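This report concerns only the one structure given below.
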């Protein structure tokens with residue numbers, strides 16, 4: 001049996017852009033040929049694509065690092081470097097992608113073929129042909145390629161099912177799924193026979209169809225991790241209707257009503273929204289002795305908890321083993337699904353700010369200035385650091401261009417206001433230079 005994995009932590013890194021080239025046209029009969037260095041190619045992006053054929057996150061168990069290729073360097077004759085191909089990473093339907101640092105949801109991938117650029121490749125550096133001006137017709141300036149985005153991610157798979165079967169172990173969930181669909185879950189006369197979610201397609205006699213999931217049995221304390229705990233409670237979150245399966249024969253020696261209350265408490269503790277979903281009570285094993293009497297007692301206790309009869313959940317007595325009462329249950333489930341909307345899985349507070357995450361939002365500050373214990377002024381900030389890494393520090397003209405960019409951003413003036421003096425050390429990343437006033 002293939003292993004089921006529904007969570008994974010991975011890192012993704014997009015490719016770096018290729019460096020621009022400094023080159024000059026030197027041909028016979030072409031005086032003053034001018035700059036001829038081309039741009040670097042763009043780095044490859046990391047793209048997640050949904051594949052309906054995948055059922056688990058098992059592929060990410062041993063392969064946790066995904067790195068796209070970098071773009072090629074620019075060439076002479078003004079030719080651009082080749083851009084790198086994007087790296088496509090396939091994920092199953094129902095995969096939620098979170099930022100590992102903040103826990104915020106980046107995207108919920110639910111449609112087959114759906115794609116998202118999860119880490120954008122760096123743009124290629126410009127060659128010196130781009131920097132020619134009337135004042136400087138032969139520039140010795142070219143940019144380094146921009147680094148690709150790098151992210152730490154958490155993947156969480158929540159299977160796509162319209163209906164979820166919940167209940168204590170050995171109440172007959174797997175048997176029910178096996179007789180109403182073509183699914184073949186493992187069935188046994190012991191607890192936790194089902195240790196992975198099973199999914200089956202159900203078709204009613206009236207022609208309606210829906211996906212039903214058999215989830216591993218819950219026990220008291222599951223929401224705190226007891227038994228299989230929260231490992232599989234997450235799979236209930238996408239369902240629109242819950243079928244609460246109860247062993248009405250009390251063959252395990254437990255009271256059916258106490259089972260019902262206990263499981264609902266676990267659902268509510270795990271996620272308050274789960275109790276917003278409509279729930280049908282499936283009174284299973286009605287072909288067993290004591291089941292009828294237990295059902296009467298169950299209904300009496302249940303009614304005592306409701307003020308109005310209309311509020312009572314629907315109860316369907318069935319026997320999965322004897323194939324009794326199944327048609328009525330499935331028809332009622334289909335009708336309930338037809339009038340039940342999708343439930344929002346996440347609040348806005350759970351989601352990343354897309355503009356900020358993907359770099360579209362304008363920040364108030366382009367840079368920050370701090371001072372180390374050794375009296376070195378430290379410059380930081382996303383825009384400033386990006387300009388720095390794209391500057392070729394081996395060429396004087398590139399360094400002078402970077403200095404002009406810093407002045408244009410107001411860095412020099414800000415350093416003076418903070419008290420920087422001529423000759424003070426200034427650091428950007430690992431590069432250190434002296435402040436010139």
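For all residues, glycine too, the Cβ spot is worked out from N, Cα and C.
Since this is a predicted model, take the numbers as computed values, not measurements.
Going by Swiss-Prot, these are the annotated features:
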DOMAIN    2-160  domain 'Obg'
DOMAIN    161-338  domain 'OBG-type G'
BINDING   167-174, 192-196, 214-217, 284-287, 319-321  GTP binding site
BINDING   174, 194  Mg(2+) binding site
DOMAIN    359-437  domain 'OCT'
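In the structure as shown, the Cβ atom of residue 319 (GTP binding site) sits within 10 Å of 22 other Cβ atoms. Looking just at the domain 'Obg' (2-160), the mean pLDDT is 92.
Here is what falls inside 10 Å of the CA of residue 174 (Mg(2+) binding site) among the binding-site residues 167, 216, 285, 319: 216. In three-state terms derived from DSSP, residue 173 (GTP binding site) belongs to a helical segment. For the binding-site residues 170, 174, the ranking by surrounding Cβ atoms (within 10 Å, all protein chains) places 174 first. Every protein chain shown contributes to the tally, and the Cβ of residue 167 (GTP binding site) ends up with 25 other Cβ atoms within 10 Å. Broken down by DSSP into helix, strand and coil, the domain 'OCT' (359-437) contains 30 helix, 17 strand, 32 coil.
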